[in-house]
Each structure stands twice: as C-alpha cells, then as structure tokens.
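Visitor: Following this message is one structure expressed as structure tokens.
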Amino acid sequence: MSSVVIVGSQWGDEGKGKMTDYLSQEADVVVRSQGGNNAGHTIAFDGKKFALRLVPSGIFAKDKLAVIGNGVVINPPALLKELHYLQDNGIDISGLRISSRSHITFPYHILLDKCQEEAKGDHKVGTTKNGIGPTYMDKVSRVGIRMCDLLEKDTFKEKLERNLAEKNELFTKLYHVDPISFDDIFESYYEYGQELKQYVTDTAQIVNDALDQDKKVLFEGAQGVMLDVDQGTYPYVTASNPIAGGVCTGVGVGPNKIETVVGICKAYSTRVGAGPFPTELTDEIGDQIRETGHEYGTVTGRPRRVGWFDSVAMRHARRVSGISCLSLNLLDVLTGLKTVKICTSYKLDGKQIDYYPASLKELERCEPVYEELPGWDEDITGAKKFEDLPINAQNYLKRVSELSESPLATVSVGADRIQTIIVKDPWEFAHK
C-alpha cells in the first residue's frame, strides 16, 4: 500500500493542482474528497492551462482513475461543462469515477447561498455563492439529494418536491424573493444524472481495493487547512473538512490507510474574502507580490489578500493535519525583494504566543513577530536542484522548513511541471 494526501496548508490557492499533476504520474488512482465547484485549480499541461473546479487534477494522467469521492458536493451542469471542455481539448475522461453517495447542488442551494450572504450585511463570510454551504447544510440535516437519488426518477421527484416546498417558504417569507419552480429543475437535472450515470459507482470500494492491492493512491485536497470548518478561522471558512482527516470521511477509507500527508504552501501567504489574516501586507510590497504572482481567484477572479509567510499558522496546520512534509510553491515570486520576512510568533496584548487562537477577537489583536532575511535578485526559474538556488533563497527555505517543523519535499520555481525542484519525492515519505 502507498498513499499520499495533498492538503492545502494555508487558506487555499496554494498550488495544489500542480503538485497533484506531478505526483499523479506515479499514482494509479487520484481521488478528491471534499468541496465543490467553489474550489478552483489551474494546471499547466502540454502547453495549455486548464482551469477546473470539480474534476480531479488526475484526469490528465493517462490510464489512471480520477475519483470524485462522497464528500464532494456536485453541481451537475458545472461538472458536465468541465467534462465537455476537457473532451473538446482532447483529454480522455474515461477514467472518471463519481461516488453514488455524493450530494447534489441544486439552483435552490445557490439562491439560498446568495440570500444568506446578503442578509449578513457587513458580516459576510465571502462565499463564492455557488451553493456549497447550503448543500452541506442539507446533507447534515439529512434532507440532501445524493447522486444515487438523482438516478432514480421517483426518488428524485419525491425528494425534490419536499425540499422545494421547504426552501420556497424561506425564499418567499424570509428573504422575499421569487420561489423556484419544480419544473425548472426536475427534467433537466434528471437528464444531467443520466449523462453522468456511466461514471457513477461505489468509489469507496474502488479506492480501498486499490490500496489493498498495493497500488498507489493520491488523495487530492481542495481549499486549505485554515479554511477547515472545524480547524480554520471560523466562521470565515468553507463548509467541509480540507484537513487530511477529511479524506477518511470524504472517501470512505480508514485512517490506517493514510501514509503521507504533503502540506502545500506558498513562499508567502494569501487568502480570498473576509477573515483574520495576521501577516497581511497592504503596502507596495503586497501589491508587487500580488501582481508578480498573479494572485487573483481561479473561481471568482477576486484579488487575493497577500501577506508574509506565517509559520504560526503553518505549525497549526501541521498539527491538525499530520503534515509529513512541505511542498513549497511560487518561490520565484519573491525574487527581486531586498528582504523577505517570516512570521515566527504573534504578540497578543503584549504577550508573545506561538499558537493560533480560536477567537476572532484575539486574532484581530494579534501582531506578527517577524524574522527578516536578505532577499535575492537572481533568476531562479531554471533551477533544477536545491543547490542551484541562490544562497539567500536556500537559507529562506531552510528557515521556513525549521519554523514549520516539517521537512521540504519539493520547491516550485515556475508554473510548468518541470519547474519543480525535488528535495525528496513525496512518494518516498510513504516508505520511511
């Protein structure tokens, strides 16, 4: 058995897709376990850039299975749009597998998401308004419609009628918007299900069988640890569990099947939307990093908030997600800065702390304590091994690793797959 879990160790957008694409070359199965079409990932493949939201990045690897696990919430028209887009670009999608237990996002989830966000006024969470939270809300309320229900016309009809009756009460009486018609959803979504039916199966069995047969399984995360509904900056979080533990529930594998957890991070920090962000840069350095790193959301297009690398948040991510090693991206973006900073701890009400507070009010009062290191001007985009990097870049990476309490596995110095320095292949950590 050999398994690797990829988790975003910051606030999402860390470049998980690139590492998934790289590691999937050796994997037999690539699995996604949570999130929905709120999570965008961009992959450079064969000279083209592909922006995906639902389809696992492993779809680009030939002769592999790309699995959407039960923890993923699926918007059928959005998924079909992606599949057609891939086919139009010559990508073979025959390896796709979709869990029959995955939950479905409907138009009423999207409308409810928008209504709830607007009702929050100045306290908006900053959701993508794709209906992800309301879909998970129905799931835990035990009224959700799953993929297996969508394929059974009578079951789908019964559940849709019941859900719409409840949701339309909310729309008309609480939010004062027009109700959603049953006829606008039923036939079209049933047809979506029929088109997806060929890919629907018991994915937990597929993944467990692969592990039991000593095949390599790669679990692809979405979002990031700091957006985890339990361990992140609640309530400014996503509705699912991006931590490594979410793989177990979101795929249907036991924790003893998880061998290695790769924490994906940037050489700096970013987040989209509202919420605490202790190392945020609002000056010209932040603007420079944003423009050089093209820091705009894959899904929303919103400019990302930018900050220095936060080792306090990283250590929190390591603890709650069991990170084995780090895969650091976008080191090249820091090229040209005279100095680079790493947050080593916080000051809370004058007292130095090295933990990440749960309280939002405490986080707002936290001041980052920085360690400053000299920067570098040399072009690093062609570096093939660690020793090719300027000494100042090497020292920066070593300090990030030390403060994060995690060894470096890879360093990315450019967008292309080949622009990756392998310090130690993450698959090797599975056999330590």
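Counting begins at 1 with the first residue displayed.
Cβ coordinates are placed from backbone N, Cα and C, and glycine is handled just like the others.
Heads up, here are the entries from Swiss-Prot:
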- 12-18, 40-42, R304, 330-332, 412-414: GTP binding site (BINDING)
- D13, G40: Mg(2+) binding site (BINDING)
- D13, E14, G15, K16, N38, A39, G40, H41, T128, R142, Q223, T238, R302: IMP binding site (BINDING)
- D13: active site, proton acceptor (ACT_SITE)
- H41: active site, proton donor (ACT_SITE)
- T298, V299, T300, G301, R302, P303, R304: substrate binding site (BINDING)
Visitor: List the binding-site residues among G40, T42, R304, L331, V413 whose C-alpha is within 10 Å of the C-alpha of Q223 (IMP binding site), in sequence order, or say none.
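Guide: Matched binding-site residues: G40, sequence order.
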Visitor: If you measure V413 (GTP binding site) to D13 (Mg(2+) binding site) at Cα, how many Å is it?
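Guide: Per the Cα atoms, V413 (GTP binding site) and D13 (Mg(2+) binding site) stand 16 Å apart.
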Visitor: Within 10 Å of R304 (substrate binding site) (Cα to Cα), which of the binding-site residues D13, G40, L331 do you find?
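Guide: Within 10 Å of R304 (substrate binding site): D13.
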Visitor: Under a three-state reading of DSSP, tell me whether Q223 (IMP binding site) is helix, strand or coil.
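Guide: Once the DSSP labels are grouped into three classes, Q223 (IMP binding site) ends up as coil.
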Visitor: Among the binding-site residues listed here, N38, T42, T128, Q223, whose Cβ has the fewest other Cβ atoms inside 10 Å?
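Guide: So among N38, T42, T128, Q223, the binding-site residues given, the one with the fewest Cβ atoms within 10 Å is T42.
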Visitor: I need the nearest neighbour of K18 (GTP binding site) among the recorded positions N38, H41, G301, R302, using C-alpha distances.
Guide: H41
Visitor: Can you give me the Cα-Cα distance between D13 (Mg(2+) binding site) and R302 (IMP binding site) in Å, rounded to a whole number?
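Guide: Just about 12 Å between their Cα atoms.
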Visitor: Among all protein chains shown, how many Cβ atoms are found within 10 Å of the Cβ of G40 (Mg(2+) binding site), not counting that one?
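Guide: G40 (Mg(2+) binding site) is surrounded by 19 other Cβ atoms within 10 Å.
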Visitor: State the Cα to Cα distance, in Å, between G301 (substrate binding site) and T128 (IMP binding site), rounded to an integer.
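Guide: Here the two Cα atoms lie 10 Å apart.
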Visitor: Given the binding-site residues R302, R304, and counting only Cβ atoms in the protein chains shown, which has the most within 10 Å of its Cβ?
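Guide: That would be R304, with the highest Cβ count within 10 Å.
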Visitor: Rounded to the nearest Å, what's the C-alpha distance separating G15 (GTP binding site) and T128 (IMP binding site)? Just drop the number here, would you?
Guide: 19
Visitor: What's the most sparsely packed of the binding-site residues G12, G15, G301, P303, counting other C-beta atoms within 10 A?
Guide: G301
Visitor: N38 (IMP binding site) to G12 (GTP binding site): how many Å between their Cα atoms?
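Guide: Approximately 11 Å lies between the Cα of N38 (IMP binding site) and that of G12 (GTP binding site).
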Visitor: Whole-number Å only: compute the distance from the Cα of H41 (active site, proton donor) to the Cα of T128 (IMP binding site).
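Guide: That comes out at 14 Å between the alpha carbons.
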